[in-house]
Amino acid sequence: QEVNQRAQVLDNTVVGITVGESSISGLQDPVQLTFPHRELPQVIQPCLPSMSPPAGGWRSSGCVTQPGDKGTVCSCDHLTFFTLLLNQALDGSTAKGLMAVATAGCGVAMAFSIFTIAFCIFIRCRFRFEETVRINLGLHMNLVGSLFLLNLAFLLNSGLSGRTHPRACRVLGGLTHYCLLCCFTWTALEGCQLYLLFIKVLGIYIPHYLGKLCLVGWGFPVLVVGVAGGLGSYGEYRIQTTDHQVLAHLCWITSKHLLVHYITNCGYFGLIFLFNMAVFGVVTQKSCSLQDTGAVQGYRKPWKVALVAAGLFFLLGATWALAFLTYGISSTPVLYLFTILNCLQGIFIFIWLVILYYPKTKETTGSLSYIIRHDKTTTASQD
């Protein structure tokens, strides 16, 4: 199996060249191999990687790739197993369209992130909420703040990375990775807060609770980025089209350190999303049971129940899950759908918070807190 699951072996052909059991490397006259093939649309063919049998995996070190009359010619200074890997890529027009949508979407998302933070500050100062709601609003502000920083980092990255010094590019790549991990971590903290509110319904007092959450939400990614930076994981990352043209230079985790990406991004978010979906299922089941028993008298409108569920789904990382599920898929509609949904995440959260938290009666409490309070009362009466 290939280490890079997005790549394909051309014609399922692998050539092995060995001399006895000796390891041959550093040849002055390189070995030349020609892989014949016809024109290959929708793919790029930049290299002929070599495989190291003990460790496994394909590496391009020691090989130079050149186009030939009969196919792709690869010159290598060592003997091992060889093949030609093909990576899926977008055509130029689709890639440019996606970049334009993503850039515009980031600007819109940043604007609504500012609106959301301003709205949360306004209602916290203007209305008298109970402590649970104030903590929830603080959590939401930090999550939206991390989304704002991530969108800002992406715009800076796409605009500056092609003209930056390698050292500055490493810093910018680490900053972008830090903002992404902050989004993931605050998403996890949203799930933990829901767990404490809906499952630990009798409440647990934690001194300086929001401050401790901030220490985790903004501090833990620093440790991860520090370790990844110490391993030299950050640098220039190129996005190429099918005709071998470089569409964008990004400062990100380099292709030589894909394991760092899989562990810190894919693996980390996968664990978070599984936990959050478990919490979401429990919350949904408990809310439905409260509706059926009539325990919540002021919370019967179906559209509001659906709104709460949809908002929680976004807060708990639904769009990020779509990103990882579509990773490696070159379907144009799927890519546009993910790009648009991710850009609209800030708008959806803003609308959700306004409808959910803005007081319309003399009871200035949020709907989530309303459910929790009645759940506590029901549980106490049952006990």
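From the backbone N, Cα and C atoms, a Cβ is placed for every residue, glycine too.
Annotated domain 'GAIN-B' per TrEMBL: 1-92, in sequence order.
TrEMBL lists 98-123 (among others) with the feature transmembrane segment.
Under the heading domain 'G-protein coupled receptors family 2 profile 2', TrEMBL lists 102-357.
Feature annotation from TrEMBL assigns transmembrane segment to 135-155 (among others).
Per TrEMBL, transmembrane segment is recorded for 175-198 (among others). Counting same-chain residues at least six beyond the ends of the transmembrane segment (175-198), those with a Cβ under 8 angstroms from any Cβ of the stretch are 132, 135-136, 139-140, 142-143, 146-147, 149-150, 152-154, 157, 204, 213, 216-218, 220-222, 224-225, 228, 234, 250-253, 264-265, 268-269, 272, 275-276, 279-280, 282-283, 286, 312, 315-317, 320, 368, 372, 375.
Summarising the annotation, TrEMBL assigns transmembrane segment to 210-231 (among others).
What TrEMBL lists as transmembrane segment is 262-284 (among others).
Residues annotated as transmembrane segment in TrEMBL: 305-329 (among others).
Taken from TrEMBL, the feature transmembrane segment covers 335-358 (among others).
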Model confidence over the domain 'G-protein coupled receptors family 2 profile 2' (102-357), averaged pLDDT | 82
